[in-house]
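For reference, Swiss-Prot has these:
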- 47-67: transmembrane segment (TRANSMEM)
- 47-289: domain 'ABC transmembrane type-2' (DOMAIN)
- 87-107: transmembrane segment (TRANSMEM)
- 135-155: transmembrane segment (TRANSMEM)
- 165-185: transmembrane segment (TRANSMEM)
- 195-215: transmembrane segment (TRANSMEM)
- 262-282: transmembrane segment (TRANSMEM)
C-alpha cells in the first residue's frame, strides 16, 4: 500500500536568534560608573594627586633656580633656562602620572575587587581597561594644568588657541601611550611591589636620557644616541618649539638628530604610530589575561 501527500511539508525553526549587537550606551555607563569610583578614591585620599603636582613643581622651582643665573644663550638662543626647563617638566609630569596608572588596577587585583568586576554581568570587560585609562588620562591632564600655570610665573608666555590644541594633543599622546603600557604591566607583574620597583627604576632614567634638562649638543655622543631614541625627547622638543615660536608650522625642523631633522608633523605622527603599535600589543596581552 502506498500513501501520497498532496502538500509538501517544510520544517521551520520556532526560535529566532538575533545577531549580537554592540551596546554602546551600556558600555559608556559602565565606564562612567567605574571612573566615578576611581575619582571617589582620589577625593577620599588626595595624597596621590597632590604628590603628582608637588614633585614636578619642585623640579621646576629647585632645578630651575639652580641654573637661573646661567647666560640666556647658553642652552638655546634668547631663552632662559626656566623657560627651557618648563617644557621638559610638563612632559615629565604627564609621563610620571601615566606610569603610575597601573597601580589602582594592581591593588584591585590584590584585594580581590578585580575578581568581583570580572564575575559581574558587564556588557564588556574592556570597560575596566577604558575606565582606568580615562581616569588616569584626566588625572595626568589635571596635574599638567597646574604645572603649566606654574610655568607662567617662571617666564613662559600663554599659548594661543591653535598652539594649545597642539600642546594638548602631544601631552595626550604621551599620556595614552604610557598609560596603556602601565595597565599591561599591572596584569603581567605578580604584585604592586614589582610594579613600584619598575616605576622607580624607569622614571628618572627616562628623564635624564631626554632633552628635558639639557639640549642634545650638551650630551656626550652615547647619550645623544639614547636621547634620540627616547620618545619623550620628541614630545619635549615639540612643546618647546610651540612655546618659543608664535608662527610655528608642521614642516619646520624642530630637533636635529644624527639621522636627520624632525619636524612637528613628524613628531605627532611618530607619537601616534607608537600609540597604535602599543595599543595593538597591549590589547593582545589584556585579552589573554581577562579571558
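Note that Cβ sites are derived from N, Cα and C of the backbone, with glycine treated the same way.
When each of the listed stretches 47-67, 87-107, 135-155, 165-185, 195-215 is scored by C-beta pairs under 8 angstroms to the transmembrane segment (262-282), 165-185 comes out highest.
Residues of the same chain lying 6 or more positions beyond the ends of the transmembrane segment (195-215) and with a Cβ under 8 Å from any Cβ of it are 63, 75-76, 84-85, 87-89, 91-92, 95-96, 99-100, 102-103, 106, 185-186, 189, 223, 226-227, 230, 232-233, 236-237, 240, 255.
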